[in-house]
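Enquirer: The following block contains the structure, expressed as structure tokens.
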Amino acid sequence: MFFIFEVKSIYIFAIIFKFMIIDEKRKFTTTDVDELNNKYRKLSVCQRIETLYQDFDISEVMLTSSFAATSAFLLKIFSDINKNQVVYFIDTGYHFEDTLKYKAQLTEKYGLNVKSISAIKEEHEFTTQDETWKKNPDFCCSINKVKPLERIKEHYNVWVSGLMKWQSDHRETLDIFEVRNGILKFYPLLDITKEERDAFIEKYQLPFHPLVAKGYHSIGCSHCTVPGKDRSGRWNNNPKTECGLHL
């Protein structure tokens, strides 16, 4: 009887704790977002990230990286400012082997605290057997990218991503901060030009993803990525330009 009571108590506590997390999530108004954008817009990238940790506790901040073409750009800056920041990597199960090697290289080089997340096993296996990426890439991305991150997002108030305006028409419309799907999103690199990014990479001799030398300018899953300029090599022969994480 004691064992049953103990298990039930743990279960009840887990439910209460989950709802405590949800209840404690900060709600950001349009005014809040406008004030943040006005404040951060005049700052450099490094100043933006430093200020982030003044305005938010690290426990509120979620940083993601795909360890794609030039991910070293943002990760080097974060590692210089706050090495305690967790970096979430969505392991879709379909990454190029070179992506996993690049992830290991940057993790060691910058002392990153990387945590991998992935889809529910049975759901991922379905997309493999069904070859879902061929017939319904949106659904495949939802299973292997969007849903795994949704389970993590509920624990954070701010999601940091390295999007830049010049990368796509959708990203051109963004601002440094926005509220999307219940979380405040922060794009510290948003207004950085391609030339400024390349100059930073050259100055600090940052390593590129190995596939960049083979003509891959944007790198996702191996099934859906071919060589191409900017994001033109993603979901080849398909109008899709975003995996769904940032929509």
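Just so you know, glycine gets a Cβ as well, placed from its N, Cα and C.
In TrEMBL, annotation is done automatically, which means it is predicted and not curated.
The domain 'Phosphoadenosine phosphosulphate reductase' feature in TrEMBL is assigned to 61-227. The annotation [4Fe-4S] cluster binding site is assigned in TrEMBL to Cys140, Cys141, Cys221, Cys224. Look at TrEMBL and you will find Cys243 tagged as active site, nucleophile.
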Enquirer: Around Cys140 ([4Fe-4S] cluster binding site), how many other CB atoms lie within 10 A of its CB?
Expert: 27
Enquirer: DSSP secondary structure for Cys141 ([4Fe-4S] cluster binding site), reduced to helix/strand/coil, please.
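Expert: The residue in question, Cys141 ([4Fe-4S] cluster binding site), is helix (DSSP, three-state).
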Enquirer: Restricting to the same chain and to sequence separations of six or more, state which residues have a Cβ under 8 Å from that of Cys221 ([4Fe-4S] cluster binding site).
Expert: Thr92, Tyr94, His95, Trp133, Asn144
Enquirer: Taking the Cβ of Cys224 ([4Fe-4S] cluster binding site) as the centre, count every other Cβ atom within 10 Å, in any protein chain shown.
Expert: 20
Enquirer: Roughly where does the domain 'Phosphoadenosine phosphosulphate reductase' (61-227) sit in mean pLDDT, to the nearest integer?
Expert: 92
Enquirer: How many other Cβ atoms are found within 10 Å of the Cβ atom of Cys141 ([4Fe-4S] cluster binding site), counting all protein chains shown?
Expert: 24
